[in-house]
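Down below is the structure, laid out as structure tokens.
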């Protein structure tokens, strides 16, 4: 198979298949739970469940942002996690090549970021991913919680970031098409993998945090 | 038979002109400086190459490109330099006399002549869609290739099937290499290919006596080893993220990269960005139009000429998203129903 044939495969049929599996998988997992339903609760809400759901989603990420929490106890988790998410999501949606893809898929006017910012995000995401992975391997508690799923996901995302950087910076001749194709193949695999792994927190995080907020609002308690 | 040097002198060029041409040719072919003497000697002494040029399902665009070679060999020398024994578009005889000339050339220069094929081959229905003098194109190709010293497929049609091969491919067009099986074919794709590349490959064969180094798809590595993107003069704009938004906006006037406008330079191997066209004057990207990858296989069927490379080929859109979500919801409902049934049991 020639490199352009392979490129056409990963950016055409395989990407369409991956996106279909992504949306089908995410919806399947969500609605499987929704259709199971909740036991009937006849009690009158004591607070405002919907307001609390939104509040929880919005302020949850900053709830642990105290100096002691960040710098004395969980520095790698907080700083690394923040940098990684900022970098990875920023790159996924706002790098020009990706923004054009999302525009095509959603029809929405996705803005683009300058290349310099893209580079900073890529190096930040790659560096923090490495730090987070090493931290996982060394921290006794995290080590217990970590399975093959996490290592595979970290490897896959790291490879995507690395090949993406290579594809942007590469000027070494004919292998460019293979590098670009590898980047897109790995991205296709990630898109398929997300709904069936813990990476699905990419979508379900907001749902679960929102549900917790909604529950707190119903009971009239703070979180 | 005359050598290239003799033709130069007869045409009134000096030895210096001849040496300058050979130097340029050696540079284009990527020969080391030490082999310059060998190249001069070969082109000074070896007789001019005998070429049989077959045209099948083509538009003669590759021929038009070939006779406009300007930078390596002046066009008045080029047609003298190559002993074109058979070429439907350029030769004056026709009918029986033309076919007879070809037959005689094949006999006389057995194992020495260069066979150039332009256009795709159509083997469907015993090759009835493309015949010359009552013979099918497949038969003509096999007959001429059998005793050729070198087979060159010029243009994307001969190399990959090209436009005749595009959907729905009514004549069952295939590339030359598919008909000739194990026979080595040098592919010089492009729609049309760059004239200087065609001339350089022929001259390189005369100098070295063997075909150029080829990649896995039969293309000379010297000319198709790198993508247009790698050698594009607009590459610094790409690296800086400066992309033209439309064909006539301010960014386009400033010469920004044409990625957003659908440029296929990043995945297209050709020498357009280095050798360029019309004596090195320009090439499509320089004139403000994105490359649409004419030298890559199936370029016509790709279709997304003005869509950026990163978009989903064939589109996905809200319809795709809704189809995915609907499937997921249906599966989720089915799963919940099955679970409920088990719980009730």
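Every residue, even glycine, has its Cβ placed from backbone N, Cα and C.
Pulled from TrEMBL:
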| type | residues | note |
| --- | --- | --- |
| DOMAIN | B:59-203 | domain 'NADH:ubiquinone oxidoreductase-like 20kDa subunit' |
| BINDING | B:59, B:62, B:157, B:191 | [4Fe-4S] cluster 1 binding site |
| DOMAIN | B:224-302 | domain 'Cytochrome-c3 hydrogenase C-terminal' |
| BINDING | B:229, B:232, B:257, B:263 | [4Fe-4S] cluster 2 binding site |
| BINDING | B:272, B:291, B:294 | [3Fe-4S] cluster binding site |
| TRANSMEM | B:316-338 | transmembrane segment |
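Overlay of TrEMBL annotations on the structure.
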residue	record	contacts (Cβ under 8 Å, 6+ apart)
B:59	[4Fe-4S] cluster 1 binding site	B:119
B:62	[4Fe-4S] cluster 1 binding site	B:118, B:154, B:155, B:158, B:190, B:192, B:193, B:198
B:157	[4Fe-4S] cluster 1 binding site	B:56, B:57, B:58, B:118, B:119, B:120, B:163, B:164, B:165, B:173, B:191
B:232	[4Fe-4S] cluster 2 binding site	B:238, B:257, B:265, B:273, B:285
B:263	[4Fe-4S] cluster 2 binding site	B:229, B:257, B:285, B:290, B:291, B:309
B:272	[3Fe-4S] cluster binding site	B:194, B:228, B:283, B:284, B:285, B:291
B:294	[3Fe-4S] cluster binding site	B:156, B:189, B:190, B:191, B:268
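Proximity to chain A, defined as a C-beta distance under 8 Å, is registered for the following binding-site residues out of B:62, B:229, B:232, B:257: B:229. Residues B:58, B:60, B:61, B:118, B:119, B:155, B:156, B:158, B:162, B:163, B:192 surround the recorded [4Fe-4S] cluster 1 site, their Cβ atoms falling within 8 Å of the Cβ centroid of B:59, B:62, B:157, B:191, which are themselves excluded.
DSSP gives residue B:263 ([4Fe-4S] cluster 2 binding site) a coil state; it is part of no helix or strand. Of the chain residues outside the [3Fe-4S] cluster site list B:272, B:291, B:294, B:190, B:228, B:264, B:265, B:268, B:270, B:283, B:284, B:285, B:292, B:293, B:295 have their Cβ within 8 Å of the site's Cβ mean position. Excluding B:229, B:232, B:257, B:263 themselves, the residues of that chain whose CB lies within 8 A of the CB mean position for the [4Fe-4S] cluster 2 site are, in sequence, B:228, B:234, B:235, B:238, B:258, B:259, B:265, B:266, B:285, B:290, B:291.
With a 10 A radius on its CB, residue B:257 ([4Fe-4S] cluster 2 binding site) counts 25 other CB atoms from all the protein chains. In the domain 'NADH:ubiquinone oxidoreductase-like 20kDa subunit' (B:59-203), the DSSP tally of helix, strand and coil residues is 65 helix, 26 strand, 54 coil. According to DSSP, residue B:229 ([4Fe-4S] cluster 2 binding site) sits within a helical segment. DSSP assigns residue B:291 ([3Fe-4S] cluster binding site) to coil in the three-state reduction, placing it in neither a helix nor a strand. Neighbour counts of Cβ atoms within 10 Å were compared for the binding-site residues B:191, B:291, and the top value is held by B:291.
In three-state terms derived from DSSP, residue B:257 ([4Fe-4S] cluster 2 binding site) belongs to an extended strand segment. Cβ neighbour count for residue B:229 ([4Fe-4S] cluster 2 binding site) (all protein chains, 10 Å cutoff from its Cβ): 27.
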